[in-house]
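As structure tokens, the structure follows; a few thoughts come after it.
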Amino acid sequence: MFQTLYSYFWWERLWLPENVTWADLEDRDGRVYAKASDLYITLPLAFLFLIVRHLFETYVATPLAGLLNVKEKIRLKATPNAVLEKFYAATTKHPKQADVEMLSKKSGCTVRQVERWFRRRRNQDRPSLLKKFREASWRFTFYLIAFIAGMAVIVDKPWFYDLREVWKGYPIQSMLPSQYWYYMIELSFYWSLLFSIASDVKRKDFKEQIIHHVATIILISFSWFANYIRAGTLIMALHDSSDYLLESAKMFNYAGWRNTCNNIFIVFAAVFIITRLVILPFWIMHCTVVYPLDLYPPFFGYYFFNFMMVVLQSLHIFWAYLIIRMAQKFITGKVVEDERSDREETDNSEEEEEAAKNGPLSNGHPVLNNNHRKTD
């Protein structure tokens, strides 16, 4: 049964155009072709990326955060309460008004105290500013290096300037060593992102991020199997061209450099919209949808590859909507921040009451010689 499934999976008509067989893509006469077995190395490389990331965040990103004066906000801790903690863990982190009133009776707290407890408890679970900074630093470093390396791989190739060259001689196109390593490193990195997504900072587009990572891994892997390598290198470099700008804007935002963050964000927004909403659909996707039909009839791989491109493009439109919303805030003079972020909650009214009675508080204790009220 396994052998039958294996045969169906690697059926040539799924992956290759008509009249082309796997035998045509066997290495010979000094010409080397992509093989599925090449991708086995990406899984151990992904775990190596996780190790390198840990070392980078510990010994590079953390000291850099100190140099940029990245400071943590003082968060007031929720007072231990078994009733509220059980509801928080088992039911919901955002109780409705009826739930708040019920919990008030069960816990012996007032309604306002219950509301305050849930605000503080949610804030405790939110990732720290340092964690966000370290994460952004790691991604910025990778995306910048990947973009520079990607451009070095393709800038001297004829298909970088003439997209019809992408399909010249397809699928009998020999693989270059630079293309091999570009693919292996990019695919390994996206595997590492998928492996670490549960522990990374969770944003409002968490599900979309998972879809993006899975679609990217499938696209890179399939383009390797079907020898769509020329198109694949163009697509990867195009995506990396704006990602490092976003991560650098986040870094400066966490460091409190608002003007620098806003300026970089505007550059990022322009590059993102040009590359993802103009170049990708009207140049790259036109290249993958229209030009191949001049050489061979459409086959399953042709439809599958372009379907996954449509999935990615749909995500780009979703993120472009968020980016435009942030750009509108910038134009109207409001602080630009990530629309996907889970914002810190405050309980100003309660803190003002406590400060009026007992003086400024920090974690329930009076603070001396402090002329500024602290909030969560």
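First residue shown is number 1, and so on along the chain.
Just so it is clear, glycine is given a Cβ too, placed from its N, Cα and C backbone atoms.
No curator has checked TrEMBL annotations; they are predicted automatically.
The DNA-binding region feature in TrEMBL is assigned to 69-129. TrEMBL lists 344-354 with the feature compositional bias 'Acidic residues'. Here TrEMBL flags 67-128 as domain 'Homeobox'. Under the heading domain 'TLC', TrEMBL lists 131-332. Look at TrEMBL and you will find 337-376 tagged as region 'Disordered'. Sequence annotations record features per position, and here TrEMBL assigns transmembrane segment to 39-56, 140-160, 210-229, 264-284, 304-324.
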By DSSP, how many residues in the DNA-binding region (69-129) are helix, how many strand, and how many coil?
36 helix, 0 strand, 25 coil
Limited to the domain 'TLC' (131-332), I'd like the whole-number average of pLDDT.
91
